[in-house]
Amino acid sequence: MAFSPKVKRTTKHGDGAQNLLRSQKDAYARLLNQHQNGKFRSYLQELATQQVEESMSTSVSRSVNVVSRRKKGNSESSYSVDSLSSQQSRQMADASICSYTDKTSYQVTCTEDQGIKPGMLEKHARMELHKAAAPKKVPSKPQHKRNEKDIKISSNLVGSEEGDSQQLSCSCGEEQAKDKSKKKRLKGNLAKKDEGECGPEVDVITGKSPNKNIKAPQTQASKESLLQNNKDKGTKSGRGSRKQLFEEYMRTEDVSAGLERGELIKGVLRINPKKYKEAFVPSPDGSADIFLDGIAARNRALNGDVVVVKVLPPEQWKEVSGDINERTLANQMVPKAPDVIVEARYNEDDEVIGKMKNVCLHDKAPVTTQSVKHGSAFNISGSSSERAMQRTGKVVIIFEQKHSRAASGFLKFLPNKNFAMFSPVDHRIPRVNVPLVDCPADFVSRPGDYENVLFICRITHWPADNNFAEGRLAKTLGQAGEIEPETEGIMTEYDVDFSEFSEEVLNCLPQDLPWSIPAHELSRRRDLRKECVFTIDPATARDLDDALSCKQLSDGNFEVGVHIADVSYFVEEGSVLDQIAGKRATSVYLVQKVIPMLPRLLCEELCSLNPLTDRLTFSVIWKLSPEGKILSEWFGRTVICSCIKMSYDHAQSMIEAPDKHFSAEELPPCSTNHRIHEIKEAILNLHNIAKQLRAQRFESGALQLNQLKLSFSLDKESSMPQGCYVYQYQDSNKLVEEFMLLANMAAAHQIYRTYPELAILRRHPPPQSKMVDDLQEFCDQMGLDIDLNSSRGLHRSLNENLGNDEYAAARREVLTHMCSRAMQMASYFCTGALKDENSFHHYALNVPLYTHFTSPIRRYVDVIVHRLLAASLNCGPPLSLSLEEVHKLASHCNDRKTASKRVQELSSELFFAVFVKECGPLDSEAMVMGVLDQSFDVLVLRYGVQKRIYCNSLEGLKAVHFRKVGKRPEMTLVWEQADPSKESTQQVYYPKQLSVC
């Protein structure tokens with residue numbers, strides 16, 4: 001093939017074709033070392049290859065066949081090839097798909113996707129080669145040798161299909177599938193270059209490096225090496241050229257020394273679910289979080305991992321708009337409520353995630369072409385003049401892998417590769433290369449059949465030189481958008497064990513059924529079977545682990561009992577059953593079902609305090625005055641027989657109608673030994689005492705930040721949502737809550753008195769002072785009378801200072817959400833692991849000691865507390881666990897409780913998404929919670945859910961204006977009018993402003 005006359009004119013003297021070949025080879029070598037952009041390297045590589053075509057006609061024929069096969073097999077190809085030159089152009093462009101480029105150059109996934117027309121590659125290459133033909137200074141010998149080595153390595157990146165495959169799986173820049181917005185912007189840039197507007201790229205090629213002290217090196221690439229590289233497919237040379245993307249982890253001894261000197265910081269990594277390249281690690285001193293900017297800074301750690309971080313020098317800290325803690329607060333906690341409005345965001349997984357648009361569960365609102373090309377379709381004006389520097393850091397080691405390394409997502413077929421790409425639904429998890437042998441048998445031949453199928457993948461390895469992890473497919477879940485596949489995916493991601501209990505575990509249970517309490521066990525317990533004992537639970541509850549009793553004494557005081565299922569009697573310490581219960585640590589309550597901690601024979605039958613059945617219990621019984629003052633206390637093992645199973649609604653009806661005579665038909669089956677009137681009197685007395693206890697708690701400084709909870713009514717056969725509503729927290733709920741709190745506090749004091757080193761308690765640290773100060777300043781700016789100096793002041797502010805108009809409750813909910821963000825999480829701990837007794841304090845309850853005793857059927861910590869109680873009362877063996885074992889157990893239970901809570905939230909989000917999809921758009925008033933420059937957060941009042949609304953997803957929006965007045969953000973939305981003669985409508989938003997969504 002002949003070169004164009006323009007290229008021939010670049011040789012001004014010499015021996016014709018020989019000089020032309022030499023000058024082009026020299027130009028190629030110089031340009032390849034000057035320019036680290038894979039796209040331009042492929043252009044120049046093509047020219048060098050064209051010089052040797054006459055001596056490799058067979059190779060050219062093979063290249064044509066390869067291009068033809070690729071064209072047929074690659075559904076992503078967007079243009080055709082109709083000449084040999086264009087075919088070679090396509091081949092070289094394909095070969096450069098995943099050649100690694102320097103950080104300073106932009107990345108190209110595939111040149112076909114950039115809108116480059118046939119022949120454009122030759123035009124660009126001729127222009128660059130012509131400019132590079134000018135004489136250059138010869139570099140020094142060491143530099144020449146180094147560059148020659150670089151040339152050999154770089155040349156191995158092109159002309160090899162398998163080399164492409166290796167690079168595609170490992171070092172395709174930051175991501176493999178590019179964002180459409182970047183592609184379209186790049187297309188425009190290439191068009192400008194085609195017209196002669198080469199910009200900084202041309203400066204580099206012509207020797208004008210951005211750093212003027214750097215001179216372009218000169219070297220040669222031999223024709224033989226180029227030919228060899230075209231032939232040597234599948235060699236390891238391509239892999240050898242991969243640049244390390246992540247730093248090697250620091251040695252353990254260096255980490256320990258750095259932590260002791262305070263040079264390193266250990267904390268839990270938290271990745272922003274809305275912007276997966278942003279991550280945070282809390283600062284030990286309570287100041288603003290340390291910001292980890294980009295995937296490389298995370299160093300392969302995943303959300304929830306305990307990491308050790310090194311703070312970068314101040315010159316590398318990040319300048320942020322406004323107050324640092326506003327940003328920290330906004331990303332501190334995962335959303336606690338399901339989504340309601342589809343949000344817009346720029347998504348790099350445009351092709352794979354685009355297939356989820358009909359799923360509705362994890363969708364993001366599509367971004368228009370205009371928005372992608374110009375960054376925003378709206379006129380965003382106004383910005384904060386405030387600037388602050390946030391500390392940045394990088395992960396030097398993963399101290400403990402808390403993330404399960406499992407994810408649900410979709411498979412993408414990659415032509416001519418021996419692996420497929422797994423793209424997780426959660427963008428915080430990297431994409432994973434999985435071997436084709438793990439994929440369904442017909443995946444290669446029919447990949448379209450699996451576009452909307454969810455899979456589970458487990459990450460097995462994440463190399464330091466690879467943007468993508470390596471993993472294996474664990475399971476095919478089913479169609480995305482269906483409740484059961486989605487639910488299983490959620491549970492697997494959060495490492496919830498939902499498998500059936502093994503035979504070995506079931507053999508630990510009583511085998512002689514129906515089971516009855518042995519006579520010798522009855523003789524060792526206090527018999528309360530004749531007492532009026534009853535349960536109050538949700539109507540659908542099956543695991544009834546607590547019961548109440550109340551009778552008035554002759555002196556006017558009351559004997560009140562809290563009776564808890566004696567699970568520790570059935571779960572022997574150290575047994576296989578005990579081990580699996582400890583591993584699960586908690587039951588997980590989904591919308592449609594429960595994943596139990598214990599086998600159902602225990603949690604629904606033998607341990608459950610079902611009515612009219614003798615059951616073993618652990619009881620605490622007080623003598624209380626009518627004002628709720630504790631006069632005496634007794635702990636011990638008991639046996640009860642519940643006379644009735646009441647729901648919260650049943651108890652509430654009695655509280656609301658104290659004079660009403662309830663018939664047997666209005667209530668569940670009741671024991672003939674106790675009249676309905678007796679039960680009602682007991683509930684009313686408990687209600688009156690509970691009101692006294694509650695008032696005393698809050699007067700003493702307790703704080704309650706209850707957030708709205710969404711509940712569902714389900715179809716009995718299909719379990720599909722038929723309706724949703726905000727769960728109503730009633731006086732009957734408060735009644736039960738007060739006595740459970742009282743029992744938990746009593747148990748905490750009892751086990752700590754006896755076992756000051758082994759007691760497992762629950763602490764709640766006060767909120768971080770810096771965040772409280774910022775929140776207080778923000779409330780003052782907003783004109784909100786909120787006292788954040790103490791838990792008592794905050795509780796009083798939320799309940800007394802927000803007015804009494806129709807939106808007072810909404811304002812309270814918004815402020816509750818905002819205050820919750822500043823709060824730290826409560827956690828279990830071993831008393832021997834914390835030397836300062838002041839750190840035992842529970843901030844929200846404002847009590848010195850607290851634990852969990854009242855739910856052993858669903859919480860393993862409660863089982864341990866029962867064992868400690870039994871040992872302290874000499875009615876059970878001593879606990880065999882050491883201080884270190886209790887400490888590890890507390891940490892494990894904290895992890896599982898956090899995971900369980902998140903799974904429950906995601907289950908609620910899933911059902912709400914399905915409900916919205918089935919019922920269509922839902923309208924509700926919403927209150928603005930926060931305002932950013934291009935989005936705002938709202939609380940949807942009807943459903944109690946919070947959501948971020950992106951301005952670029954709002955139809956009919958003409959312009960957005962944002963500004964800050966002090967710390968108060970303000971956004972003005974300008975709406976288009978249907979009638980052009982009318983002026984545009986403006987809406988001003990700021991936190992607490994009401995609007996209709």
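Backbone N, Cα and C define each Cβ position, glycine as well.
TrEMBL lists region 'Disordered' for one of the ranges 1-20, 661-680, namely 1-20. Rounded to a whole number, the distance between the Cα atoms of D537 (Mg(2+) binding site) and D545 (site 'Important for catalytic activity') is 9 Å. Per-residue pLDDT, averaged over the domain 'RNB' (525-875), rounds to 93. The recorded positions considered are D537, D545, D546; of these, D537 has the fewest other C-beta atoms within 10 angstroms of its C-beta.
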